[in-house]
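Asker: Dropping the structure in here first, questions after.
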Amino acid sequence: QRARPLHWLPHAKRVPSRDPARGGARNGGRPEAVPLEPRHQHKRESGAPSGSPERQEGGRDGDREPKVDPLVSLLVESSLEKMEGEKRPAPYEGLFADGHLILWTLCSVLLPVFITFWCSLQRSRRQLHRRDIFRKSKHGWRDTDLFSHPTYCCVCAQHILQGAFCDCCGLRVDEGCLKKADKRFQCKEIMLKSDSKALDAMQHHWIRGNVPLCSYCVVCKQQCGSQPKLCDYRCIWCQKTVHDECMKNSLKNEKCDFGEFKNLIIPPGYLTSINQMRKDRKTDYAMVFDVTKTPPVKALQLCTLLPYYSARVLVCGGDGTVGWVLDAVDEMKIKGQEKYIPQVAVLPLGTGNDLSNTLGWGTGYAGEIPVAQVLRNVMEADGIKLDRWKVQVTNKGYYNLRKPKEFTMNNYFSVGPDALMALNFHAHREKAPSLFSSRILNKAVYLFYGTKDCLVQECKDLNKKVELELDGERVELPNLEGIIVLNIGYWGGGCRLWEGMGDETYPLARYIQVKLANPFRIGQAHTVRLILKCSMMPMQVDGEPWAQGPCTVTITHKTHALMLYFSGEQTDDDISSTSDPEDTKETE
């Protein structure tokens, strides 16, 4: 019979083996390797059971199965169970692994949030710092996220993509150099100091770098600003440019003549002299005013410091802004300042721009014409007179104690579909003004309401609701939906209703947007009287609409306004508001 396999303890253990006869330990208590019976019994080669007499009697002492001490067996069993326990993970180890997963998940979610919050906080702090510098600075700083052309910082001479620029002197700096630039460079001075020695001799004010494209040196006549770095100089008054190599002491001390636009620039020395003569009214003046911050009435007081009939004003805005400025001009007349009244030019930035189009300044401006060319057009424009009319609305009623409403008309008065479109547009713009900042979007909204009115026809049978009188004579009205009283040649964003003579056919495509397939000429008059007999009808004066009940509308001549007419792209037929010996107005 083969010897059965033995299992040995991994480490020798001091196991007291006792002799039954002697009652003491063998080997002096030294550790010995004790053979153990296998945990799983192997199949014996003989088919006799282990306790059979053949098994017990057969074999020698070496072949005899050894006896196992119970204490040793218990130790081995516990050791094996410990080894199996190390292989199987404990319950708390699984929870610990899940905790790690949750921790990493929270870190992956919260870390980007924290970084975003920290960056926004830093950006807010930088914005507050910039605003504080802007508020205290004499420069007209404007920050930008991206310059439209290669730009270099005037302090560190490095290429910059975002930073700040002064809209007065043209200085451009990086965000980090803003404070240094504010201390190092002076802005354009509208008024010189009273003790300045250069009241009569205004010197150049040179700014280095970022010269306009296609500019040429006044000394060598070569192109400036062609190198990709901060180079060359530009005078912020006369706009002359010069190379770094051509800059001499003679140029630095040379008297500035204000260049091409000297007739449009008020010399700082002149305003200083005026301020010295008016010691009781020392004021800082500007040449560019934001009418949202400075009312036109206050801005136009600068004209009273200039020679008689010499002032020209460029109004950048729509027809409503032009009317606001002309109202301020009328207040100057009331104060007895007729000699200082300026001539008004228009840069069209509104939606319709019918008055601007009539005066030859175009239907809109989107930067396609350089500013220098716009100023040249202002200098070349001719002065004309524009009729202004008073619109008086008196409500009907026996106990009506309200004062009649009065409006000033520059362009047109209307009642009908176009006034309804303007009223709907105005109501939506009052609810969300930020959505109506685009000229294209505004025209799209007008088109939507115009198409809707063509289908609904809310203003039909207007001839049954109103009566019209021209110079005191009643006029029989045909079947119509709207009445328009015109003072200028254009209406409704570029339509010319008063074309030709007699009953000539009008182009259909020109009036499909407002359903004027066949407009009808009624006549001309000095005084127009319109009586609304019943119901509510939409009305408008120069794009300012309202809903009106039964009333009487009287239109009479009010005054003239001095305007500038540019004839570069249009003919004389485009202007229909030039004053005649008799003030007349067109009605359609």
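Note that Cβ sites are derived from N, Cα and C of the backbone, with glycine treated the same way.
Note that the structure is predicted; figures quoted are calculated from it, not measured.
For reference, TrEMBL lists these features for the protein:
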COMPBIAS  1-15  compositional bias 'Basic residues'
COMPBIAS  22-31  compositional bias 'Low complexity'
COMPBIAS  54-68  compositional bias 'Basic and acidic residues'
DOMAIN    138-187  domain 'Phorbol-ester/DAG-type'
DOMAIN    203-256  domain 'Phorbol-ester/DAG-type'
DOMAIN    288-395  domain 'DAGKc'
REGION    1-68  region 'Disordered'
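Tell me about the setting of these features in this model.
Answerer: Broken down with DSSP, the domain 'Phorbol-ester/DAG-type' (203-256) shows 4 helix, 13 strand, 37 coil.
Remark: secondary structure over the domain 'DAGKc' (288-395) totals 44 helix, 26 strand, 38 coil, with classes taken from DSSP.
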Asker: In the domain 'Phorbol-ester/DAG-type' (138-187), how many residues does DSSP call helix, how many strand, and how many coil?
Answerer: 7 helix, 15 strand, 28 coil
